[in-house]
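Heads up: the structure comes next, in structure tokens.
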Amino acid sequence: MASLSSSFLVLFLLFQNSCYCFRSPLSVFKRYEESTRSLSNDCLGTTRPVMSPGSSDYTLDIRMPGVTPTESDTYLCKSYRLPVDDEAYVVDFRPHANMDTAHHMLLFGCNIPSSTDDYWDCSAGTCMDKSSIMYAWAKNAPPTKLPEGVGFRVGGKSGSRYFVLQVHYGNVKAFQDKHKDCTGVTVRVTPEKQPQIAGIYLSMSVDTVIPPGEEAVNSDIACLYNRPTIHPFAYRVHTHQLGQVVSGFRVRHGKWSLIGRQSPQLPQAFYPVEHPVEISPGDIIATRCLFTGKGRTSATYIGGTSNDEMCNLYIMYYMDAAHATSYMTCVQTGEPKLFQNIPEIANVPIPVSPDMMMMMGHGHHHTEAEPEKNTGLQQPKREEEEVLDQDVHLEEDTDWPGVNLKVGQVSGLALDPKNNLAIFHRGDHVWDENSFDRNFVYQQRGIGPIQESTILVVDPSSSKVLKSTGKNLFFLPHGLTIDRDGNYWVTDVALHQVFKLGAGKETPLLVLGRAFQPGSDRKHFCQPTDVAVDPITGNFFVADGYCNSRIMQFSPNGMFIMQWGEETSSNVPRPGQFRIPHSLTMVPDQGQLCVADRENGRIQCFHAETGNFVKQIKHQEFGREVFAVSYAPGGVLYAVNGKPYYGYSAPVQGFMLNFSNGDILDTFIPARKNFDMPHDIAAADDGTVYVGDAHANAVWKFSPSKAEHRSVKKAGIEVEEITETEIFETHIRSRPKTNESVEKQTQEKQQKQKNSAGVSTQEKQNVVQEINAGVPTQEKQNVVQESSAGVPTQEKQSVVQESSAGVSTQEKQSVVQESSAGVSFVLIITLLIIPIAVLIAIAIFIRWRKVRMYGGDIDHKSESSSVGILGKLRGKGSGGLNLGTFFATHKGYSRKGFDRLSTEGSDQEKDDDDGSDSEEEYSAPPIPPAPVSSS
């Protein structure tokens, strides 16, 4: 027995060693083998902040940590955390770059870098959250200088906590000597508050299509500006190969003033604005990108690869610190009528000499002498530039304690100018079937108004209540809106009134409607639901409401201007008809007002000034109801629907929508609790979304993150991100039962090899999720490009369940690239044979010893001579080796595992636990009661 134990110990060590020698195929996907590095000795500088003598300012060296790119057109990223958490300001940039090695570099600000590695391939992204460019350097381009008293805000509650440096290495020949590169930038940071805050205004196209062969194609973007005045002082343009010139203008009273104009084929750094121009509320920021389709044989779309195109204009500005915004976007296609008057200079390409193109060596530009190679086989590289991110997914912030706030029915949400969250709730009052009579008159006046504060302003991070108001004012609160001055606009469906409350004031500044008196004239409302305020004109709009089905517009002091809308008269509602206009949101850069037409299950948008219908957004996923809608800068609408009626299967969830075309970009649900009646939604500029529920009495916070199966761009191939550990499962229950099944599988494999026409390919079979974002999509896959027989081949396949001739088979496989680093098939077979050989040798030895000691009579004591050694191994002899008995003598051993594997029908068997939820999943839902049009 001691000898047997020693043998098993040796086998264990052999298998353990073989496991250590096995190189996981997942290592192919790791960005870099070295997770941490320090600055190379060849690099000058320090990773620590350097204090300025006699000043509280300090400098940070943000550099590559001694890298040696091995491929041309490599993009590498490096993150640096701000050394302090308090608010600070970046006031100067000093580049450290050699034009012979680095093509260009960009410095981003964000809060969540895409990687925690010391540096990484930027094709995996720069940041997980929203990022903005602070600085850009390109060879032969002038440096960016911030004006005196201007700084980028970092740290604190609203600023970026991380810097992410991106360096594009153009020609790898510069690294033939294997030197280490430390390209980067030194930033000077001060804790002193700056009177002017710098920011970036991004104007970009999301839907341009460039037909093949067209000589000139225009991409026009224009947005109405409605924020406080900004002062542009630098600009940067960006397109890919087809861009000829990008021009940006301010349009004021029909007059076009140039902000900046440049060829995107020249170094793409920030260039100074030549003629100072300010942009004020009411101005239009207009951008035109001039493209050519010459040389293309198919249409070109907006996208992130070099074979796609982009139309981006970055305007670096400064504005007064009191109401500064560090990042703004415009993605709206310009009206053709507006661009009829664009200056002709926007249609004239800026010539770029061939010498300049050669000198730039940009990976996206190809001259006639150097055409694109292998375009049919190679995936296009991606570049880190701003494009409408349609891979972002909203997930509940499960660490946010606000979901546990003790509130009543949550009817309204809004964000104040400081991005604090305001919650409008009903305290101990409840809207039910006894609240109103058939004439919409409130029946519970006797209980008095809500005695607690109905408006709570909470910190968006900690959910700490910062202030509260609204005691003894309201009976059944409904909608809440906060204007740019911090005033609260609320509605009360019991009072049939609209209120304007000043920040910090208990007495209303303005009251419209007659208390407890429903009506349909200009001085009455009937259960008004929501208010929206135009940030430019100050005019406000009232959704009225549950019983009037109209939108009313008033001047800032409450004078009636106009109204539109009528009750839906058929099963197919026409534009401008409503069945409970329940929620309003302004789209200020388009001058539009969007309405959640609740019981018609759609969103309608109108020109705010005229009330003319523009468009509707309606999807089957909405179901029968859309409760609330909210617009966020950047062209995104957020909405929530209601519980499905009987016969409808649409789940209760939130939606992220592309405002331009109405497409659904994402859906989201809570991780804690469940949506019951999500009643209102509020979206912040950074993509954070809050949802309030009138039945669950809760508020959820959702934060943007990459989708669970997010696309990770690696080495020119888009793959699904894989976790470090993957379980390789062997389904013994699914194995073929007969030799006939094995023969069928062998024939199928041989047939596949014949079809491959000499190209050896491994099937990649991890689940693939294809994302269609309105631009040419690339299949996201857990596939690594293989080269076999000299021909690179990719197979993009989803996992399928193979069934053949009565055999149920499910193969769950992870691709292992066959290489010298892996374990060969021969070695595996050898390791499997060794223990069998050892056991046979042990049995022979035991047999030999017994024969020597007791003689040949032992063969007849317990078995026939025909059984032989195999009989001993099966445990038929008292002196033989019984494997079951041997293992069963060990502590903790159970035979259940062996018994289960030996069951013939195991692939049809099912544990009791496996089906515990089956009845609940597949049973028909009960018929719900008729919905009550309340809340």
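Glycine is no exception: its Cβ is also placed from the backbone N, Cα and C atoms.
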Selected from Cys547, Cys594: Swiss-Prot disulphide partner of Cys605: Cys594
Residue from His96, His168 that Swiss-Prot also lists as binding Cu(2+) A with His103, His104: His168
Second cysteine of the disulfide that Swiss-Prot assigns to Cys77, among Cys43, Cys110, Cys122: Cys122
Additional site residue, Arg484, Arg514, Arg598, Arg602 [criterion: listed by Swiss-Prot with Arg426, Tyr546 for protein]: Arg598
Selected from Cys127, Cys311, Cys330: Swiss-Prot disulphide partner of Cys223: Cys330
Nearest-integer angstrom distance between the alpha carbons (Cα) of Met310 (Cu(2+) B binding site) and His104 (Cu(2+) A binding site): 18
Separation of alpha carbons, His238 (Cu(2+) B binding site) and His104 (Cu(2+) A binding site) (Å): 13
Alpha-carbon spacing, His168 (Cu(2+) A binding site) to His240 (Cu(2+) B binding site), which is rounded to whole Å: 15
PLDDT averaged over every residue in the repeat 'NHL 3' (565-609): 94
Distance, His103 (Cu(2+) A binding site) to His238 (Cu(2+) B binding site) (CA atoms, angstrom): 15
His103 (Cu(2+) A binding site) versus His240 (Cu(2+) B binding site) - Cα distance in angstrom: 15
Other C-beta atoms that fall within 10 angstroms of the C-beta of His104 (Cu(2+) A binding site): 23
